[in-house]
Amino acid sequence: MISSSRVALALLAAAPLALGGNVQAPGLKLPEEYYAQREIVKGMFTSSYEAYKKYAWGHDDLTPVSKNYTDSRNGWGASLVDAMPTMYIMGLDDLFHEAIDYVSGVDFSESKTDATVSIFESSIRYVAGMLSAYQLSGEQDDVLVEKAKQLADKLILGWVDGNAVPYGYVNFTSGKPVVDTTNIAEAGTLTLEYYELSKYTEDDTYGKLAEGSAKQIMNTAPPLPGLPAQGYDPAKNAFVGGYVTWGGGSDSYLEYLIKYARLTNTDDDSWADAWYTAVDSSIQHLLRRSTVGDWLYLADYDSSKKIRHISSHLACFHGGNWIQGGRLIDNDTIVNYGLELADACWNTYASTATGIGPEVFAFISDDGNYTSDNAVIDDDELAFYNEHGFYITSADYILRPEVLESQFIAYRATGNEKYLERAADAVESMNKYLSVNGAFSGIEDVDDEQSKRIDDTESFWFAEVLKYLYLIFDDPDHISLDEYVLNTEAQPFKAPPAKDKYGSGQLLSMQVESSATTGSELPIVSANAFMPISINDAIGLDGA
């Protein structure tokens, strides 16, 4: 456990290298030799996208091994839409305008599959992809706003019965939501997208709904100060269980607290203060150091008030988020913790046979190695831990971006070339172990150079992985973190000039709900039909 952290946060925050309110290191210049890496990444994008066009055009996901497609996001062309801002950033104008032409013919008011529609996934990929593309390209193609509105007008049917928090899914045929529990990531990761949509449509309905949902979560008594439980019941305005994590199901709610403050420059300090409170509480309750390697991790906390010594690829956004948020609230202590978290997550890449990190991993700290009631560390896991300071509990990789996201932010904030070297290593590993039929696939075991492949290329490969890799090797003034806020799918939105500081500098005062809350089953976290094991199963999320 990290001791005396509250004092450290309050008293030892030093002035960061960046100017107040800014994130990037002043005068940052990319060393010339790394521009060649940018072109390699651009080639990875064009090759992948050509495979998508050949085998999956107009569908959601390419299945690169079988040279086919799936429609996991309602059949509107998720990869195409999600990729549009990346195309524009890379200067792929022909592909960009081809994509706009396709989008203009899509009816987003009707699902092309029998599946219900996820408000969260559709907002961060489709709505954000179209609005970011519209903004980046000079606000010329109004059809992108029209189509984003067409989709959002159906998504907001998830808010019913006066509930502040929406249900997670909508049946587009009946126009009614699926009445079920949701999680705080799904319900609290809409503010950036709907703020932008309200701005461009001159209709504040969207922004007010999204803001109201996040505020309701913020104001519901949490299990730990500033750290809401993962599950939420919109009908009861209550948490489901008491599971606290920076991983899937909670991640982007926490991410957006500080990002919304930055994008809007709002005078409402509660957004930045809620983020500060969550970070402070995490330092008090969740930060752990491994007994091997002294790596810094954020543990999970379950309904029985036990620390779970476990983390995930999804959670590894936290390092970059702490770096960025620490700069915005002018607290270098948080920045330094963020840099350490980013290092530990990179170690999960550097320690495997493929140079790519696993979906879920665990560790041992001074207070033990508990991960769940039925989990026992075996001899092979212990040997791996004794060498690397973590051990793998779910070995698959499905082209997730979070580790690289944090390396990108760390480089932009510090200028340290070690982050460039790491990104170059990742590019080499991906080309060596993930390339197939001109595209890229996931693998079932990152510690096996002969691993079986996962026949799926989700849209975030185009939207996030390749964008972060391209931008880390690009001119740091291009999509500067002092000028843009990236949503959780890495879609950039232009921000106003930064304020000197965000938030009041004070922790939010809030009631803590110490007893277990509503005992319904937790919703599935980051569902993907191609994963060998679900995240819920990997970390023992069975209503915990």
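Heads up, the Cβ atoms here are built off N, Cα and C, so glycines get one too.
Keep in mind that TrEMBL annotations are predicted by a computer and have not been checked by a curator.
Sequence annotations record features per position, and here TrEMBL assigns signal peptide to 1-20. Among the features that TrEMBL reports, active site, proton donor is placed at Glu121, Glu359. Sequence annotations record features per position, and here TrEMBL assigns active site to Asp251, Glu402. Sequence annotations record features per position, and here TrEMBL assigns disulfide bond to Cys316-Cys345. Summarising the annotation, TrEMBL assigns Ca(2+) binding site to Thr488.
Ranked by Cα separation from Glu121 (active site, proton donor), the recorded positions Asp251, Cys316, Cys345, Glu359, Thr488 are led by Thr488. Proximity note: of the listed recorded positions (Asp251, Glu359, Glu402, Thr488), Glu402 have a CA within 10 Å of the CA of Cys345 (disulfide bond), given in sequence order. Annotation for the active-site residues Glu121, Asp251, Glu359, Glu402: lowest Cβ count within 10 Å of the residue's own Cβ, Glu121. Here the C-alpha separation of Glu402 (active site) and Asp251 (active site) works out to 11 Å. Taking the Cα of Thr488 (Ca(2+) binding site) as the reference point, the closest of the recorded positions Asp251, Cys316, Glu359 is Asp251. Spatially close to Cys316 (disulfide bond) yet at least six residues away along the chain are Leu341, Ala342, Cys345, Thr348, Gly357, Glu402, Val403, Glu405, Ser406, judged by Cβ distances under 8 angstroms.
In three-state terms derived from DSSP, Glu359 (active site, proton donor) belongs to neither a helical nor a strand segment and is classed as coil. Thr488 (Ca(2+) binding site): 26 other CB atoms within 10 A of its CB, across all protein chains. When other Cβ atoms within 10 Å of the Cβ of Cys345 (disulfide bond) are tallied across all protein chains shown, the result is 30.
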